Number of protein chains: 2
Amino acid sequence: MPGTKWSFIVPQFQLECGVTLLSPTVCYQSWGTLNHARNNVMVICHPFTGSVDVEKWWGPLMGAGKAFDPMHYFIICANVLGSPFGTASPLSIDSSTGRRYGPDFPPTTIRDDVRLHKLVLDHLGITSVAVVVGGSMGGMTALEWPLCFPGLVQRIIPLATCAKQSAWCIAWGEAKRQIIYTDSAFRGGHYPRERPPKQGLAAARMVGLVTYRSCDSYEQRFGRKLDDPSPHVPHPHQKADDSTVCSTEKTQITVDPAEHPRFSAQSYLHYKGATFATDFDANCYIHLTHKMDTHDITRGRMSAAVDIDEHTALSAVLRTLPPHPLIISISSDVLCPPHEQKILADGIPEAELVVIDSMAGHDGFLVEGERIDAAVVKYLRREFPEFYR
Amino acid sequence: MPGTKWSFIVPQFQLECGVTLLSPTVCYQSWGTLNHARNNVMVICHPFTGSVDVEKWWGPLMGAGKAFDPMHYFIICANVLGSPFGTASPLSIDSSTGRRYGPDFPPTTIRDDVRLHKLVLDHLGITSVAVVVGGSMGGMTALEWPLCFPGLVQRIIPLATCAKQSAWCIAWGEAKRQIIYTDSAFRGGHYPRERPPKQGLAAARMVGLVTYRSCDSYEQRFGRKLDDPSPHVPHPHQKADDSTVCSTEKTQITVDPAEHPRFSAQSYLHYKGATFATDFDANCYIHLTHKMDTHDITRGRMSAAVDIDEHTALSAVLRTLPPHPLIISISSDVLCPPHEQKILADGIPEAELVVIDSMAGHDGFLVEGERIDAAVVKYLRREFPEFYR
């Protein structure tokens, strides 16, 4: 069920940091049609490394009879600032210099994304959004939509996400950035297009890949299985000082000397890391980790004059969110553990919390697509019976 | 309570990989005195980045009235092969070349460590060990002692450890190695002493530091606190392409541009990563990650002629371990989760499993020293009343 991809150019856009972007592009995709009341709107917010191609990462939820059903909704997914997939980012040309922004692309926040994407809705004449749904970073965005535009959004469905980026996730982001900085090809972000820091980006992605799952899921999938020669992974006949080359456009992954056993879990990381380093951009990766670090729904929302503690501030903000959200947890999520969604469910009025019992870890919000689809369909049909008549 | 440090030189030692080390040194430390029966022996096995200076990392357990009490035990802790703290390692001189082994130091296993350290016991005329205790990698070693030398060991106390290195931990090890390989200073391990790959080693350590704790513990300690200028952390007034220098002997940690908030959790990683990169060695670090990957107490112990499944093999091997061990779990351990110690407790005859309820994560076996000390003291007094008379 193909959507339609659009590029929308905003004349200018002031970021929270104070910098004004001139003519930033917003890349978005839409599916289905607006109803007469122009209110059957579903906004999908993509995660960290996702794009507007929702079918690619949330396929089991997309299509006729599924949660994201273009027969019933006008569905829209817009790419966030700093992502390499179409919206203004470090890969864009800075009109003031005529060169790519690279590491000089100004810092952006989840709130910047919401305000920018709102301009697309304005352009489409949309003044009411039925539901905003998103997992992980997309869940942060889903929480920010109704906070940035009170009254606009009827319902939200945040998955595997949090009210504020935790210290642990801040630490993960920092470790990943330091890995990329270690690659001498990074050159402070001023790398030429043809020589990006692929090895550092691949290694950072490997760390991400481990955190996105769980000990149990790796055990079940890989255990202590040794690698067998496969088309996508080079076999180790080299010394550690001879880099071998993965098939994915020559992202270099160093393979250990043959005297070490080669486990399947290692080959999985090599393959996934190398593929990612070819498809993504290091400056964008760093940018997005910083963006998530800024996420805190209480930030700047409580009067500085009132001396209240963090917990009270969080409760006060959560109370203002649209009632009756569907909040989804993955039981084995170590990155945004279930207790973080419990905080959301305890604070947002009349929240429904569904914990998916799964060993898939944080990625469970993607991997457990069919179970999540079932929960979301049930919720949507109950909340919006008018769209299903 | 200072112990005495010793260096013991073995004429030659054949490793499991087949290579024979010539004149390898074993560095060890001992406390207390042997009793008349020469059986009041306590072997302490150090973790991954530990050393024979047990007071430094397990201080709360060491001393009069504590678990490791030299008044009652002859206590010995020997440094493992490949560790940079005295025993033969990549830092040692290869007598066949007159140069340091560096990356050419042959791979070693936990079993090699046990067999090498047993030579020290032989030298001391010890033929019976009361108890072997160790956490994490040290716990792997504690499990291997009685398996390598049946009848030698009376009791074992493995903490925060596993019967076999899990796929998740194999993946962490691989990610950390790839981070070090990303540092161009690594040069396939052939780096000069004065120019080691500190940045890569620091970044790998940062990843370790995050895995060693838990989301909750980072939250409690750091939350979203911003950094305040402190003596050990440089303040960010540089662009990302200007590396700033931590105080720890100039290990370079790249600090992000000032427009990004600087969280305390980041500064913690910078400081700890830089300190570690100064004290440790990259080839040793890589070596030890490979060593842990080989850990599997069933490896080679079941006849190849008998076609049995993994679970049956594990049960068969666990049954041969000394009865009535004390096994300790940390409830929030994500690296060696409590279910891995449950497997040990279910398989070893008459095991006692103590789960320490703590948010400290894997490092809980060190951080929760006082609670662990209490559990171990209670256990030792019951199992070895004769040493306390």
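Each Cβ is built from the backbone N, Cα and C atoms, and glycine gets one as well.
Residues or ranges marked as domain 'AB hydrolase-1' in TrEMBL: A:40-367.
Counting every protein chain shown, the number of other Cβ atoms lying within 10 Å of the Cβ of A:Ser136 (active site, nucleophile) is 28. The active site, nucleophile annotation in TrEMBL covers A:Ser136.
Same-chain residues at least 6 positions away in sequence with a Cβ under 8 Å from that of A:Asp333 (active site) are, in sequence order, A:Ala160, A:Ser214, A:Gly361, A:His362, A:Gly364. Under the three-state DSSP scheme, A:Asp333 (active site) falls in the coil class. The active site annotation in TrEMBL covers A:Asp333 (among others).
Taken from TrEMBL, the feature active site covers A:His362 (among others). In three-state terms derived from DSSP, A:His362 (active site) belongs to a helical segment.
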